[in-house]
Amino acid sequence: MHTPVLLKEMLEILDPQDGKIYVDATFGAGGYTKAILNAANCKVCAIDQDKHTSIFYEELANNFPNRIHFFINKFSQIKQVLLGAQLERVDGVVFDIGVSSMQLDDANRGFSFSKNGPLDMRMSTSNSIDASVFVNTVSEEEIANIIYQYGGEKYSRKIAKAIINFRKKKVIETTGELASIVRSVVSRSKNHDINPATRTFQAIRIWVNKELQELEQGIMCAADLLNPGGKIIVVSFHSLEDRIVKMIFKSLCSDEISLKLNTGFQLINKKIVRPSFEEILNNPRSRSAKLRAILKI
């Protein structure tokens with residue numbers, strides 16, 4: 001079961017109001033959407049590129065008739081999606097970035113190093129390139145660079161060399177094979193909290209799904225869609241994502257961007273909002289979550 005992270009904090013900042021329209025740009029299992037719909041007599045446009053999430057939409061649509069619209073698409077396409085639904089402005093957009101618990105827990109999706117399955121990692125099956133294409137065709141130098149840049153893995157060159165050596169013998173087809181390759185050259189950390197394959201899997205997933213480009217484009221499009229008083233809330237899970245969110249928010253708050261967009265933005269929370277100790281105890285996957293928010297003025 002997917003447990004929404006920083007749900008209470010997100011709701012307090014968004015402060016849903018009757019008659020307003022909000023966007024859940026990363027619908028998933030619908031946790032944020034359900035909470036927003038329960039908080040006020042408002043409407044939610046829910047977006048997710050993963051077609052497997054439609055089952056959760058159907059359940060919410062029955063419970064909240066005529067108050068939720070669902071679109072299978074990437075959130076970088078948020079502007080086109082809303083214009084297609086004849087919506088030009090909204091009052092808030094929430095992003096919960098990264099892979100969901102549902103995707104991690106399904107071995108067939110190929111996201112998890114702890115469950116053996118096909119090496120896929122695509123959030124949308126419409127993408128033609130999956131993780132197996134990456135590890136079996138990309139050069140050693142590029143593999144090393146991606147794992148270092150997107151995963152912060154200091155052993156990226158050793159891992160890349162091990163991948164190349166393995167694929168000379170056979171095609172790398174499963175998550176189990178890739179995890180084993182990484183473990184062959186990287187030992188478990190002293191605190192035992194981080195699996196040796198964590199950073200490599202993260203980096204490849206980000207590359208496959210173009211997650212950082214999607215994030216930047218999605219936030220900028222969302223900023224252009226907000227009514228005055230509208231908010232953008234982003235929950236991210238690793239430092240690379242958070243740096244991008246921080247950079248974009250800082251840019252949106254600058255005078256130069258305000259003049260270009262003919263509007264202004266201000267930070268809602270100058271300090272990062274993090275999960276409480278209690279939330280981390282109840283949901284260990286929340287431990288690295290960071291929330292940032294911005295207001296259109």
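Glycine too: its Cβ is placed from the backbone N, Cα and C atoms.
The S-adenosyl-L-methionine binding site feature in Swiss-Prot is assigned to GLY30, GLY31, TYR32, ASP48, PHE75, ASP96, GLN103.
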Got a sec? Which of these binding-site residues, TYR32, PHE75, has the most Cβ atoms within 10 Å?
TYR32
Show which residues of the chain containing ASP96 (S-adenosyl-L-methionine binding site), separated from it by at least 6 in sequence, have their CB under 8 Å from its CB.
PRO4, VAL5, THR26, GLY28, TYR32, VAL235
For S-adenosyl-L-methionine, whose listed binding residues are GLY30, GLY31, TYR32, ASP48, PHE75, ASP96, GLN103, the greatest C-alpha pairwise distance in Å:
17
Cβ-based isolation winner (fewest other Cβ atoms within 10 Å) among the binding-site residues GLY30, GLY31:
GLY31
Which ones in the same chain are close to ASP48 (S-adenosyl-L-methionine binding site), with CB under 8 Å and 6+ residues apart in sequence?
THR26, PHE27, GLY28, PHE70, PHE71, ILE72, ASN73
Which chain-mates of GLN103 (S-adenosyl-L-methionine binding site) that are at least 6 residues away have a CB under 8 A from its CB, listed by sequence?
ASP50, ARG109, PHE111, MET123
Specify the secondary structure state of ASP48 (S-adenosyl-L-methionine binding site) as given by DSSP, simplified to three classes.
strand
Reduced to three states, what secondary structure does DSSP give GLY31 (S-adenosyl-L-methionine binding site)?
helix
May I ask you to report the DSSP-based helix, strand or coil state of GLN103 (S-adenosyl-L-methionine binding site)?
helix
